[in-house]
Amino acid sequence: MTAILERRESTSLWGRFCNWVTSTENRLYIGWFGVLMIPTLLTATSVFIIAFIAAPPVDIDGIREPVSGSLLYGNNIISGAIVPTSAAIGLHFYPIWEASSVDEWLYNGGPYELIVLHFLLGVACYMGREWELSFRLGMRPWIAVAYSAPVAAATAVFLIYPIGQGSFSDGMPLGISGTFNFMIVFQAEHNILMHPFHMLGVAGVFGGSLFSAMHGSLVTSSLIRETTENESANEGYRFGQEEETYNIVAAHGYFGRLIFQYASFNNSRSLHFFLAAWPVVGIWFTALGISTMAFNLNGFNFNQSVVDSQGRVINTWADIINRANLGMEVMHERNAHNFPLDLAAVEAPSTNG
C-alpha cells in the first residue's frame, strides 16, 4: 500500500486577501473597486445622515447670512438639505484640517464637499465593480456601460457644474426642496428647457418609462400558462428553467396589430438592447448638456424673434419663458446682488484719492 502525500503550499496573508477580494463565491462580490467603494460610500452616507440631522446653518453665499438645512435647526424632511459649501471657499479643496476649527468648517459648508467628493468616487467605483464582476463571470460589459449614465449625470451636477461656475456653492443641494431650487435657478440662468440635449434627456427618461411599461405589460400578458385557472400563473415558473416563460410571437402579433407590423420587435435581443440604450443615451446627452451649460453655453434664445410689418414684437412662448426666467433670477440670491448680474459684471470705475 502506497500513500502519496502532497505538500500544501502556504499562501501569504496578502495572497489570501487577494483571493478573497476577487472571489466570485462570496455572498457579495467585493472586487478591487469595492475596496475603495465601501469606505467612500460609507463615509458619504454617514456624514450625510449626521449633517442632515444636526449640521448648523451654512453661509452659502459668503455674505454672512447663514442658511439652515438640518432637521435640528427647524427643517423637515422636505425642506431639509445639506447646504452647499460657501462661495467664500469657491473651488478650494476644503477638508477639516484646512479650517481653523470644526465650527468654521461647518459654517463654511465643509460637509457638502466631503459628501459629494466621496459619493462621486464611490459611485464611480461601483460602476467599475460592475465591470469587474462581469469580467470575472465571463459576461459582457454592458451593465457598467448602462450605469455610466446616472454616474455622468451625478458628476455633471455635483462637480462639472460647480467647476464651470467657479464655486461649489453653485452645486446641487442634497435635499428635496434644494434639488427643486437648483432646477429653478438653472432654468433662470441657463434656459435649460430650450437646450436640445435636455430635450433628448426628457425623451430618454419618459420614453424609457413608456417602453418599460409596454414591455412588462406585454410579457405579463403573454405568459405561457403552466398552472390551472385556480393557481397563480407565477407558480408555473421555475428559476433556471430552459423553456421560454412567455410567448414573444403572441406579444409581437398583438403589438403589430395594435399599431403596425414593424412597430414591434421580433428579436428578443435587439428588443432588450433598445430598452437599455434609449434611456442611457438620453441621460448621456442630458449630462453633456449640463456640462456645457456649466461654462455658460446655454439653451436657445428666441426672445422677441417674431415681429410684425411695423417692427412690433409678437410675443411667443419663448418670450413667456424669458419673462419667467427673469422673475426666477431676480429672486435668486436676492441679498447677494445689488444689481442684476449683467450690470454687476461691468468693471467698476477706479477712484483716485
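Glycine too: its Cβ is placed from the backbone N, Cα and C atoms.
Copied from Swiss-Prot, the annotated features are:
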type	residues	note
MOD_RES	T2	N-acetylthreonine
MOD_RES	T2	phosphothreonine
SITE	Y161	site 'Tyrosine radical intermediate'
BINDING	D170, E189, H332, E333, D342, A344	[CaMn4O5] cluster binding site
BINDING	H215, S264, F265	quinone binding site
BINDING	H215, H272	Fe cation binding site
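Taking the recorded positions Y161, F265 in turn and counting surrounding C-beta atoms within 10 angstroms, the largest count is reached at Y161. Within the same chain, residues at least 6 positions away in sequence whose Cβ sits under 8 Å from that of H332 ([CaMn4O5] cluster binding site) are I184, V185, A188, E189. Counting every protein chain shown, 12 other Cβ atoms lie within 10 Å of the Cβ of H272 (Fe cation binding site). For the binding-site residues D170, E189, H215, S264, E333, the ranking by surrounding Cβ atoms (within 10 Å, all protein chains) places D170 first. In the three-state DSSP assignment, the secondary structure recorded for D170 ([CaMn4O5] cluster binding site) is helix. In sequence order, M214, L218, A251, H252, F255, L271, F274 are the residues of the same chain, not among H215, S264, F265, whose CB sits within 8 A of the CB centroid for the quinone site. Considering only the recorded positions Y161, D170, H272, E333, the residues lying within 10 A of H215 (quinone binding site) on a C-alpha to C-alpha basis are H272.
Spanning the residues H215, S264, F265 that the record associates with binding quinone, the maximal Cα-Cα distance equals 11 Å. Following the DSSP three-state reduction, the secondary structure of Y161 (site 'Tyrosine radical intermediate') is helix.
Taking Cα separation as the measure, S264 (quinone binding site) is nearest to H272 of the recorded positions Y161, D170, H272, E333. Of Y161, F265, H272, all annotated as recorded positions, the residue with the shortest Cα distance to E333 ([CaMn4O5] cluster binding site) is Y161. Neighbours of D170 ([CaMn4O5] cluster binding site) among the recorded positions Y161, F265, H272, defined as a Cα within 10 Å of its Cα, are Y161.
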